[in-house]
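Peer 1: So Swiss-Prot says this about it:
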- GLU289: active site, proton acceptor (ACT_SITE)
- LYS353: active site (ACT_SITE)
- CYS406: active site, nucleophile (ACT_SITE)
- 245-494: domain 'CN hydrolase' (DOMAIN)
- 37-57: transmembrane segment (TRANSMEM)
- 75-95: transmembrane segment (TRANSMEM)
- 106-126: transmembrane segment (TRANSMEM)
- 128-148: transmembrane segment (TRANSMEM)
- 179-199: transmembrane segment (TRANSMEM)
- 207-227: transmembrane segment (TRANSMEM)
- 505-525: transmembrane segment (TRANSMEM)
Amino acid sequence: MIARLAGRIILLSGWRRALAAFLSGAFATLTQPPFDIFVAGFVSFPVLVWLIDGAIARTDAGPLRRLLPAAKVGWWFGFGYFVSGLWWIGTALLVDADQFAWALPLAVLGLPAFLALFYAFAAMIARLLWSDGLGRILALAFGFALAEWLRTFIFTGFPWNLIGYAAMPVPLLMQSVAVIGLVGMSALAVFVFAAPALLTGGHFARTGIGLAIFLALAHVGFGAWTLSRAPAIVDENGPLAVRIVQPSIAQAMKWDNAERRAIFDKLVGLTEEAPAEGKPRPDVIVWPETAIPYILESTPQALAHIGDALQEGQVLLAGAVREEKGADGGEPRYYNSIYTIDDRGRIVSTADKVHLVPFGEYLPFESFLRGLGLQEVVEMPGGFTAGTTRHALAVKDGRSFLPLICYEAIFPDELGYEGAGASAIINVTNDAWYGDTPGPYQHFRQAQVRAVEQGLPLIRAANNGLSAIVNTYGRITGSLALDAVGVVDSYLPSPRDPFWGRPPGWIQTVLILLTLLAASVGLILYSRRRFH
């Protein structure tokens, strides 16, 4: 039956092949949050393999014409994957629909069409290494691993919903990322998901199926072994008690000047709320991204009010817009920042967002695009300015946190920082732009994996959720649901040493890619000697 199905898929051509690739990519989205149906990958990727088999059937064409059919299949697969996985981005444009609704097709269709080029590239690279049986599965894993790595930095990068996350729906399956990194997880996921295509036979088919089963069992086994050695999920003797404030301010209200005092009072009220029975008195309180509705440098009364709300020894970490006056009366600069404020209402330290969202927080090619009448989605004169360096944020008792503002948490290779060693990751964000869509769940999963990957606990304060404290094994020690109003009180989990120490992320990536490339090329050469 599988051979018959594969044969029918291989024989598809024209729009039928494109539609099958699109639907296969869309089905693969079910492997990502909030669905986490990872078995969908065992359908989508074998179909992709068979579609590429059909696309490369001709061998009499020139080099480019041999590559293009596979690239087209990859593009349609990617287009389906990204349209169905990122459609919710368009909801941000409907917050101010009168001004931004015109851009909805660009967000819902244009961005997926661009991102699909990476999967077209993946299929094209795989085609170069394609060989019968196991060789094509290795080639596809290499192509996707390379493409997903490029997605982390090309054109400022947008590594959202990397295939590797499909293999990490629960903490048990997150532990391998500490060893092989996110690119390695993407390669593992593609190889294992695509392996059922070998059930139709081919060179080394049994070897490939056996290897996929072994890798899947090793992935699960390593997770079980790691978690069996993990400490208690909640450390009730932790050195630092943390409170996360989740106000769930509607996005339409957030930038309304008439609502500023009400928003501020709500944040202060949640900060002053007594801990529930059995919960610790917080040492550190965290507010979400741009939570403070004032420019603190020019609003001393807001700082005084914060100081009054904090108990002795408490520290507030809060997201706010930071203003830097222009030289000689020039235009001021604005930064998306995190402030540390002590119990006397003094600013102790600040950290600015380094990796801004294109078109959301700043305009690429600003002079040209402003000339066309375009502007950022965030209503900030001139947009935000990027911070120059990422540094550890001084907090309390000699401890410091690694600040990641909003979508900075999705970049696995951007966690280098200056200053003393951080004892936690602090991620402040505002996902209210996206409402009750898959977006906030996908964003949270990526931040959750950073804790495992880096060996640092995660403190995540999101305006409308998902707010949580996550230990270094990916386990949640306290959380609030989407759109809930309240606080999370919990002790800060301890950090742990990463599996490989802290080498630059690119070293791990290059080793994975070279291993896959060597295996693919070696299998091609061996097959030619043995079967021809």
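Cβ coordinates are placed from backbone N, Cα and C, and glycine is handled just like the others.
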Peer 1: Tally every other Cβ atom lying within 10 Å of the Cβ atom of GLU289 (active site, proton acceptor).
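Peer 2: Result for GLU289 (active site, proton acceptor): 23 other Cβ atoms within 10 Å.
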Peer 1: List, by number or range, the same-chain residues at least 6 past the transmembrane segment (207-227) whose CB is under 8 A from its CB atoms?
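Peer 2: Apart from its flanks, the transmembrane segment (207-227) reaches 133-134, 137, 167, 171-176, 179, 188, 191-192, 195, 198-199, 473.
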Peer 1: Looking only at Cβ atoms, how many others are within 10 Å of the one on CYS406 (active site, nucleophile)?
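Peer 2: Excluding its own Cβ, CYS406 (active site, nucleophile) sees 24 Cβ atoms within 10 Å.
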Peer 1: How many other Cβ atoms sit within 10 Å of the Cβ of LYS353 (active site)?
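Peer 2: Excluding its own Cβ, the number within 10 Å is 26.
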Peer 1: For the transmembrane segment (128-148), give me same-chain residues lying six or more residues beyond its boundaries with a C-beta closer than 8 angstroms to one of its C-beta atoms, as numbers and ranges.
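Peer 2: Hits for the transmembrane segment (128-148): 45, 48-49, 52-53, 56, 67, 70, 74, 118-119, 121-122, 159, 162-164, 182-184, 186-188, 190-191, 194-195, 197-198, 201-205, 207-208, 211-212, 512-513, 516-517, 519-521, 523-524, 527, 531.
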Peer 1: Near the transmembrane segment (179-199), which residues from the same chain, at least 6 beyond its ends, have a CB less than 8 A from one of its CBs?
Peer 2: 2-3, 6, 41-42, 44-46, 48-50, 133-134, 136-138, 140-142, 144-145, 148-149, 159, 162-168, 205-206, 208-209, 211-213, 215-216, 219, 222, 412, 449, 453, 499-500, 505, 508-509, 512-513, 516
Peer 1: Return one of helix, strand or coil for GLU289 (active site, proton acceptor), based on DSSP.
Peer 2: coil
Peer 1: Is the transmembrane segment (75-95) packed against any residues at least 6 beyond its ends, judged by a Cβ distance under 8 Å, and which are they?
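Peer 2: Residues 17-19, 21-29, 32, 44, 48, 51, 101, 103-104, 107-109, 111-113, 115-120, 123, 160-161, 251-252, 360, 377, 433-435, 437-439, 442.
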Peer 1: Take the C-alpha atoms of the residue listed as 'active site' and GLU289 (active site, proton acceptor) and report the distance between them in angstrom, rounded.
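Peer 2: Each residue's Cα considered, the residue listed as 'active site' and GLU289 (active site, proton acceptor) end up 10 Å apart.
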Peer 1: When the pLDDT values for the domain 'CN hydrolase' (245-494) are averaged, what is the result?
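Peer 2: Here the mean pLDDT over the domain 'CN hydrolase' (245-494) amounts to 87.
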Peer 1: What Cα-Cα separation, expressed in whole Å, is found between GLU289 (active site, proton acceptor) and CYS406 (active site, nucleophile)?
Peer 2: 7
Peer 1: May I ask you to report the DSSP-based helix, strand or coil state of the residue listed as 'active site, nucleophile'?
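Peer 2: Where the residue listed as 'active site, nucleophile' sits, the three-state DSSP reduction gives helix.
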